[in-house]
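What TrEMBL records for this protein:
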- Asn9, Trp10, Lys11, Gly175, Ser215, Gly236, Gly237: substrate binding site (BINDING)
- His97: active site, electrophile (ACT_SITE)
- Glu169: active site, proton acceptor (ACT_SITE)
Amino acid sequence: MRKKIVAGNWKMNNNETESIQLIQGINEQITGESLDNTRVIVAPSFVNLSASLKASENTPIEVVAQNMHEAKSGAYTGEVSADMLKGLGIKTVIIGHSERRSLFNETDEILAEKLKAAINNGLEAIFCFGEKLEERKLDNHLLEVGSQLRNSLFQLKAEDFKNIILAYEPVWAIGTGETASPEQAQEMHAFVRNVLEKRYGKEVSENTSILYGGSVKPNNAEEIFSKKDVDGGLIGGASLKAEDFSAIIKAI
Ligand SMILES: O=C(CO)COP(=O)(O)O
């Protein structure tokens, strides 16, 4: 059975003290909750990973990275490799967030390299994809997502998918307060599962968790999570408050 996952992408927010406090706050609010088959994940910035890992000890909260460089090592000032993440005890990394694509020019080809590097280093990847507003308006959202998946993900082998989580994040719904309707999310998630089945077979398609991200809040989480192919969420703004994030976890 595939896992339910609620993941908080903190983006460039929270200093060390705030990161520790937020992890403690979330832990307090979810203590006593039954989290059967559910993973709770937070993604602090690189500089706060060590402190966050320490704060998450003896809690159900997993700490993951927001990005990594595809190269093994070398002259890439300011970058962080898979090996460095592993050295800290990080097991999972987000790859292909739309802000990385649009603000830092990460192309499908670069993201294919990043995915390969993550998997070859034994890291689990949360691979993000999604269409822009123009593509949605032209009714090209399925085509666009299909192409992002083919260009970056489909070089992987079926067995690599035990270390892949997918996250559909329509760009027009990120940080805008606008969410995909539960029906729009379900349409895309079912499409992705179908594409996965065609390429890799039923076992991969049935066992890969597909998260929805884009203005998930305590007041809309339950309805979105109720959809058959939505296995959880990747949360931005609402993951920065222990109370809101915990309410979203409880909605899964
Ligand atoms: O980008 C997101 C998660 O990665 C979603 O952000 P918001 O929840 O702030 O829309």
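Glycine residues also receive a Cβ, built from the backbone N, Cα and C atoms like all the rest.
TrEMBL does not curate its annotations; it predicts them automatically.
Overlay of TrEMBL feature records on the structure.
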| residue | record | DSSP (3 states) |
| --- | --- | --- |
| Asn9 | substrate binding site | strand |
| His97 | active site, electrophile | coil |
| Glu169 | active site, proton acceptor | coil |
| Gly175 | substrate binding site | coil |
| Ser215 | substrate binding site | coil |
| Gly236 | substrate binding site | coil |
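By the rule that a residue counts when its Cβ sits under 6 Å from some atom of ligand 1, the binding-site residues Asn9, Trp10, Gly175, Gly236, Gly237 yield Asn9, Gly175, Gly236, Gly237. Highlighted in sequence order, Ile174, Ile235, Ala238, Ser239, Leu240 have their Cβ within 8 Å of the centre of the Cβ atoms of Asn9, Trp10, Lys11, Gly175, Ser215, Gly236, Gly237, the residues recorded for substrate, and are not part of that set. Measuring Cα to Cα from the residue listed as 'active site, electrophile', the recorded positions that fall within 10 Å are Glu169, out of Trp10, Glu169, Gly175, Ser215, Gly236, Gly237.
In the structure shown, across all protein chains, Asn9 is the one of the binding-site residues Asn9, Ser215 with the greatest number of other Cβ atoms within 10 Å. On its own chain, Trp10 (substrate binding site) has Ser19, Leu22, Val42, Ala43, Pro44, Ser45, Gln66, Ser239, Leu240 as residues at least 6 apart in sequence with a Cβ closer than 8 Å to its own Cβ.
Of the listed binding-site residues, namely Gly175, Gly236, Gly237, the sparsest CB environment within 10 A is found at Gly175. Across the structure, Gly175 (substrate binding site) and Glu169 (active site, proton acceptor) are spaced 11 Å apart at their Cα atoms.
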